[in-house]
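Before any comments, here is the structure.
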Amino acid sequence: MTNEVLRVDFDLLDRQIVDLDGHPVGKVDDVEFGTTADGRPFVAAILVGHHALGERIGGRLGRWMAAVARRLHTTGDPQPLRIPFERVAEIGSAIRLDVRHELLNTPALELWLRDNVIGRIPGASDAGQ
Amino acid sequence: MLASDLLGRPVRDRDGKPLGRVADLLTEPDEHGRQRVVRVLVTPRRRGRLLGFERPGIQRPWLLERISSLLHRGTREVPWEDIDWSAE
Amino acid sequence: MKRFLAVTLGILTAIGGFVDIGDLVANSETGARFGMRLAWVVVVGVIGICLYAEMSGRVAAVSGRPVFDLVRERLGARVALANLAGSYLVTLLTLSAEIGGVALAIELATSVHYLLWVPIAAFVLWVVLWKVKFEPMERVFGLAGLALVVFVVALIALDPPWAQLGQQVTSPVPPATEDWGTYGFFAVALFAAAMTPYEVFFFSSGGVEEKWTSRDLAISRVNVFVGFPLGGVLSLAVMGCAAVVYEPLQAQVDTLGQTALPVAMALGKLGLVVVILGFFAATFGAALETGLSAGYTVAQYFGWQWGKLVRPRQAARFHTVVLISVLLGVALLLTTADPIAITEYSLVFSAVALPLTYLPILIVANDRDYLGDEVNSPLTNVLGVTYLVIILVAAIAAVPLMILTGMGS
């Protein structure tokens, strides 16, 4: 960052989130604010999830995306992945966290496809190339 | 409260004069290190994304910056305390 | 020495990788109908793809962000979603066309109907995407694609009336048999064939996967500035061969066999073998690139784990999109839709989708927060903005020209 000011829309929303080692975690789909004692909002957490994204986009397309996300969600309630802002180590061309992605909840869609589609194909666990 | 609840909302100043829509929220760290919203970027007309040209010192390519600043004429930062969010 | 070899291989790969089914179809069709009167468009397109690929390669190397990641970051979730829908559909159409091209190339070699080869080609394609390492995959098909140099040899062997071809190059107006509408339509198609978005999705994502840094910029630039123009020379040779053989006869080119015929006329059976090998390698290589690019666009929009560096089960959503895309591409071909027609549509819509993919890269390539001192030079910006205008004109003109001329017929 070139200065102290953080722009919620420009610097946070829609930016790629990566973990400690640079693995993609998701995009910033929305930002959650807390409120200070004097009533000002402060950045409390970044939210990741297709449902949150759909709600933010709004309109017919956004509602449709949110509905699909809800449908694809196998465990019921599609809560977004909530990453407390304290876990953000650096904001640059990507938002780098100070944790490894294994410690965060894996999105339901990824888990489902891993267990039911990709994981069943021979060679799915072969080392990366 | 979510960013998506605030961004894009039409707002007024304390005298009830319309300021336009919220284009961005600018935060600065307080004594606890929390990023508090200190200023609000408002833009009088809905004319698409600001594309990053709203930041100071970002001025190239020249022609695109000119077009962007012409389309978003009147875009300015207003202190948080001067914004009336109740406006519809 | 090793470094020298890497650069040479990169250049050779870029030459072979530049030409795909779109270039083969568009260049030989235009050659047959317009002679060399549209050759200038290939030059304009090659300069454009050099500029675009260099910028996106530089952004990928310095900031680590591939193209579609930046599309959403700069255009916002909503506009980028519309762009994703468009870009994904264009990439899917192109993937389908390339698989069709592979099958047509095998039909040329075996005389067995191409539809029988489509499922087989697609299955082999998917296995390669699933199993084979990135670099050998790119190298093998890029190098084999160099077989298309046979078009240059054939053009010289045909001993064409060079003066007449040269005169056509310098008179950029439609011939008496054509009007400005078809001239414009084929200009847009040729431009889109040279400046395909998937090439840049693939190039920048590959750069991120190979962990380019600022130190790799020189290699990336040499590859782009030598490889793509030489690939453009192959395109012009394809056009030239069609111009020499078909234009005097007023014959239209609408099969891949007709594209190959001038080579067979000039060089006999051996030439035909080489040209079929070249078709196969070029379309198969491009099918690999478009298959991956379909996955890249979706995964990078949503911020998923993508790419071939991790185990497939760690990028389950990405691999699912790639798999579904290959299946959809096959399904489109199995409706017996003509692969050449699919190619033509993919070129038109690719021209329409280009501006919103190009603009974010042009802007980010100027952003010091991302690139530090590696931002665009003033000259690059003059060219960059000029091309933004050209790309916009092509995008606006594409669909009206398609309707007015009935796909140029």
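FYI, residue positions are counted from 1 along the chain as it appears here.
Placement of Cβ uses the backbone N, Cα and C atoms for every residue, glycine included.
According to TrEMBL, the feature transmembrane segment maps to C:40-61 (among others).
The transmembrane segment annotation in TrEMBL covers C:81-106 (among others).
Beyond the ends of the transmembrane segment (C:112-129), by six or more residues, the same chain brings 99-100, 102-104, 106, 137, 284, 287-288, 291-292, 322-323, 326-327, 329-330, 333-334, 336, 339 to within a C-beta distance below 8 angstroms of the stretch. Residues or ranges marked as transmembrane segment in TrEMBL: C:112-129 (among others).
Marked as transmembrane segment by TrEMBL: C:141-163 (among others). A Cβ distance under 8 Å defines the sequence-distant neighbours of the transmembrane segment (C:141-163), meaning residues of its chain 6+ beyond its ends; these are 9, 12-17, 19, 233-234, 237-238, 240-241, 243-245, 262-263, 265-267, 271, 274-275, 277-282, 284-285, 288.
Outside the transmembrane segment (C:183-203), and at least 6 residues removed from its termini, the chain residues within Cβ reach (under 8 Å) are 17-18, 20, 22-23, 25-27, 29-30, 33-34, 37-38, 41-42, 44-46, 48-49, 52-53, 56-57, 60, 66-68, 87, 90-91, 94, 173-174, 232, 235, 289-290, 292-293, 296-297, 344, 347-348, 350-351, 353-354, 357, 361, 390-391, 394, 397-398, 401-402, 404-405, 407-408. What TrEMBL lists as transmembrane segment is C:183-203 (among others).
Sequence-distant contacts of the transmembrane segment (C:224-246) (same chain, six or more residues past either end, CB-CB distance under 8 Å): 10-19, 23-24, 27-32, 34-36, 38-39, 42-43, 45-46, 49-50, 53-54, 57, 148-149, 151-152, 154-155, 158, 160-161, 165, 168, 193-194, 252-253, 258-259, 261-263, 265-266. Under the heading transmembrane segment, TrEMBL lists C:224-246 (among others).
The annotation transmembrane segment is assigned in TrEMBL to C:258-279 (among others).
Proximity of distant same-chain residues to the transmembrane segment (C:316-335), defined by a Cβ-Cβ separation under 8 Å and at least 6 residues beyond the stretch ends, is recorded for 91-93, 95-96, 99-100, 103, 115, 118-119, 122, 125-126, 129-130, 291-292, 294-295, 298-299, 302, 304-307, 342. The transmembrane segment annotation in TrEMBL covers C:316-335 (among others).
The transmembrane segment annotation in TrEMBL covers C:347-365 (among others).
Residues or ranges marked as transmembrane segment in TrEMBL: C:385-404 (among others).
Tertiary neighbourhood of the transmembrane segment (C:81-106): same-chain residues 20-22, 24, 68, 71-72, 75, 112, 114-115, 117-118, 121-122, 125, 196-198, 201, 255-256, 276, 279-280, 282-284, 286-287, 290-291, 293-294, 297-298, 301, 325-326, 328-330, 332-333, 339-340, 342-343, 345-346, 349-350, 352-353, 356-357, selected by CB-CB distance under 8 Å and a gap of 6+ residues from either end. Listed by sequence, the residues of this chain that lie at least six past the ends of the transmembrane segment (C:347-365) yet keep a Cβ under 8 A from its Cβ atoms are 22, 26, 52, 55-56, 58-59, 63, 65, 67-68, 70-71, 73-75, 79, 82-83, 86-87, 89-90, 93-94, 188-189, 191-193, 195-197, 200, 371, 375-376, 380, 384-385, 387-388, 391-392, 394-395, 398-399, 402.
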